[in-house]
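Q: First, the structure itself, so that you have it in front of you.
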Amino acid sequence: MGKVHVFDHPLIQHKLSYIRDVHTGTKEFRELVDEVGMLMAYEVTRDLELQDVEIETPVTKMIAKRLTGKKLAFVPILRAGLGMTQGILTLVPAARIGHVGLYRDPETLEAVEYFVKLPQDIEEREIVVVDPMLATGASAIEAINSLKKRGAKNIRFMCLIAAPEGVEKLQAAHEDVDIFIAALDEKLDNHAYITPGLGDAGDRLFGTK
């Protein structure tokens with residue numbers, strides 16, 4: 001069973017309080033999501049493999065550490081996942097970015113795929129699927145299904161907030177996927193919105209309704 005990591009870092013929790021706040025405007029909301037995305041990526045990549053390399057400083061030669069093993073790819077779920085991407089790239093500028101487009105059927109609440117664009121060597125990379133919210137779990141499950149069908153094996157999921165129902169369903173559907181969350185909220189309401197949540201992340205990021 002994949003592990004669930006809930007971050008308690010003070011900076012993440014501080015910024016998340018403003019992301020949740022209904023009075024936070026679009027510009028500040030975008031900036032905060034971007035910043036938290038970067039901070040979360042720092043934690044998500046904590047266990048990447050390192051190798052010894054010989055370098056020369058201005059003073060002497062030494063053995064230093066550099067990343068080795070599988071390369072990274074981040075896959076935001078459109079459209080809201082895009083809001084976390086720039087912060088991630090600030091931290092990991094060489095990472096590849098794929099995209100999975102999904103929308104939620106308002107009646108069935110099931111995720112419907114409409115777009116997929118991934119790096120050609122996706123099966124050789126460590127994948128981090130990115131979406132601000134894990135509500136019912138349907139979008140995350142379908143996105144990971146799509147990645148696995150195309151050969152991806154090493155997959156993690158990263159989100160700002162999650163409902164317990166979504167975490168449970170994602171774990172049941174993909175036992176091999178670790179889940180990284182800035183905050184685990186109370187529940188889903190009758191309309192499948194996370195409570196207390198932050199509203200519709202996509203609408204708040206892009207100024208739409």
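Each Cβ is built from the backbone N, Cα and C atoms, and glycine gets one as well.
Values in this document were obtained by computation on a predicted structure and should not be read as measured data.
According to Swiss-Prot, the feature 5-phospho-alpha-D-ribose 1-diphosphate binding site maps to Arg79, Arg104, Asp131, Pro132, Met133, Leu134, Ala135, Thr136, Gly137, Ala138, Ser139, Asp200, an assignment based on sequence analysis. If you look up Swiss-Prot, you'll see Ile194, Gly199, Asp200, Ala201 marked as uracil binding site.
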Q: Determine, from DSSP, whether Met133 (5-phospho-alpha-D-ribose 1-diphosphate binding site) sits in helix, strand or coil.
A: strand
Q: What residue among the binding-site residues Asp131, Asp200 has the most other CB atoms lying within 10 A of its CB?
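A: Within the set of binding-site residues, the most crowded position is Asp131.
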Q: Looking at the binding-site residues listed here (Arg79, Met133, Ala135), whose Cα lies nearest to that of Ile194 (uracil binding site)?
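A: Nearest candidate: Ala135.
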Q: If you count, for each of the binding-site residues Gly137, Gly199, the other Cβ atoms lying within 10 Å of its Cβ, which residue has the minimum?
A: Gly199
Q: Are there any residues at least 6 positions away along the chain from Ala135 (5-phospho-alpha-D-ribose 1-diphosphate binding site) with a Cβ closer than 8 Å to its Cβ? List them or say none.
A: Ala162, Ala163, Glu165, Gly166, Leu188, Ala192, Tyr193, Ile194
Q: Roughly how many angstrom lie between the C-alpha atoms of Gly199 (uracil binding site) and Met133 (5-phospho-alpha-D-ribose 1-diphosphate binding site)?
A: 10
